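K.L.:
Pasting a structure here, questions to come.
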Amino acid sequence: MWLVFLIPPFAALITSGQPLGLKLYGATLAIVFGIFYGFAFGSHSYYPRGWSVNRRFWSAFAVLLVIALAMYPALRVAVVCFTPYLVAFVSFLRPIPTIFRLVPFIIAVSSVGGIVLGLATPGSDTFTAESGAWLLMWTLATPLFIAALGVLNQREDSRRKLASELERSLEREKMATDVHDLLGHSLTIIKLKAEVAARYVDRDPARAAEEMRSVADIAKHSLEEVRATVTNSLSRDITTEISRARDALETAGVECTVVASSNVADPKLFAWVLREAVTNIVRHSGASACTITVEGNRLVVCDNGRGIAATETELSRSELSGNGLRGMRRRAEAVGAELTITTPDGGGTAITVSIPVGRVSSPTTPTTQTTPTVQQGGQP
């Protein structure tokens, strides 16, 4: 696009009364300037190899300035038409603070120099004293416009880079949350089942073997889920998650009651929250009973354990509100849902996820029940 700025110098050469040899001299230097400018602009970040970026820039800038000044004998005052090139070289290759320092200096020197030369040679065939407005267009207006474009371009690049970094950061955070929720739950259940197997290995080998087979199945399934998380192909099924929640709670000796409705607003969100809530119950609550309620746009997981306040006295607040609870809140907020954690009057902890009615998606069928029902213990 910068080739357009070579038109005025060539036009000045053609219309000037300079000898042919001087015209060829000026045209040759103008072509050399354009070629070197394009090369330096495109290779400033890697060539010459082994040079710093600053050294490359200032070396190229000095060469361009020397070539431009060398054209003065042929172009006279029209040499100021190369000012936009120098300003563009600075504005698109240097940081914004450098632009604000260097561009005004270039414009000032070019404007003053052009006016002085124009006034000193009023009879010039190229420019006269009356051509001041046209002269200032090349030494002031056009360079300022190019500098503004350079600043805006750099700010837009910075915005895009920040947006890209933020997106990558959020993706890493999401993946970390997913892996935490997946492995935290699975490893907790594996630990419980391994302890059960160890207790029964002598008095009931068959039960111990069954528990260890279950451990192997959980480990295999967890590995598949982690792989699916990494490839972003993991899907959550609330029906399956309820079944796993029952199994985990019963392995921990917690009586499980499930109240499930057929219409669920966001099965994926409810599945993630249920998994993490059950993990926290097994690890921290000391509960003997848990009720899981899934009804349309609301999920409630309530236990009769020590409660959130009591748990805080035994665990650091950072541990209690670590990746698990932060992950639940983040998932809820991402879909416009509200997550609350309270201690009911009878004690324990109640985790509730509510989705606004206007955001409820089309009905799905998370359980095999078509009407609300209560199921105790056992597998569904």
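Think of each number as a place in line: the chain as shown, counted from 1.
Each Cβ is built from the backbone N, Cα and C atoms, and glycine gets one as well.
Sharing the features that TrEMBL gives for it:
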{"type": "TRANSMEM", "residues": "27-47", "note": "transmembrane segment"}
{"type": "TRANSMEM", "residues": "59-87", "note": "transmembrane segment"}
{"type": "TRANSMEM", "residues": "99-120", "note": "transmembrane segment"}
{"type": "TRANSMEM", "residues": "132-152", "note": "transmembrane segment"}
{"type": "DOMAIN", "residues": "265-359", "note": "domain 'Histidine kinase/HSP90-like ATPase'"}
{"type": "REGION", "residues": "357-380", "note": "region 'Disordered'"}
{"type": "COMPBIAS", "residues": "360-380", "note": "compositional bias 'Low complexity'"}
K.L.:
Within the same chain, where does the transmembrane segment (132-152) have neighbours whose Cβ lies under 8 angstroms from its own Cβ atoms, ignoring anything closer than 6 residues to its ends? I mean 6 or more beyond.
P.N.:
8, 77, 80-81, 83-84, 87-88, 90-92, 96, 99, 103, 106-107, 110-111, 114-115, 118
K.L.:
I'd like to know the mean pLDDT over the domain 'Histidine kinase/HSP90-like ATPase' (265-359).
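P.N.:
Over the domain 'Histidine kinase/HSP90-like ATPase' (265-359), the predicted model scores a mean pLDDT of 80.
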K.L.:
Can you break down the domain 'Histidine kinase/HSP90-like ATPase' (265-359) into helix, strand and coil residue counts using DSSP?
P.N.:
46 helix, 25 strand, 24 coil
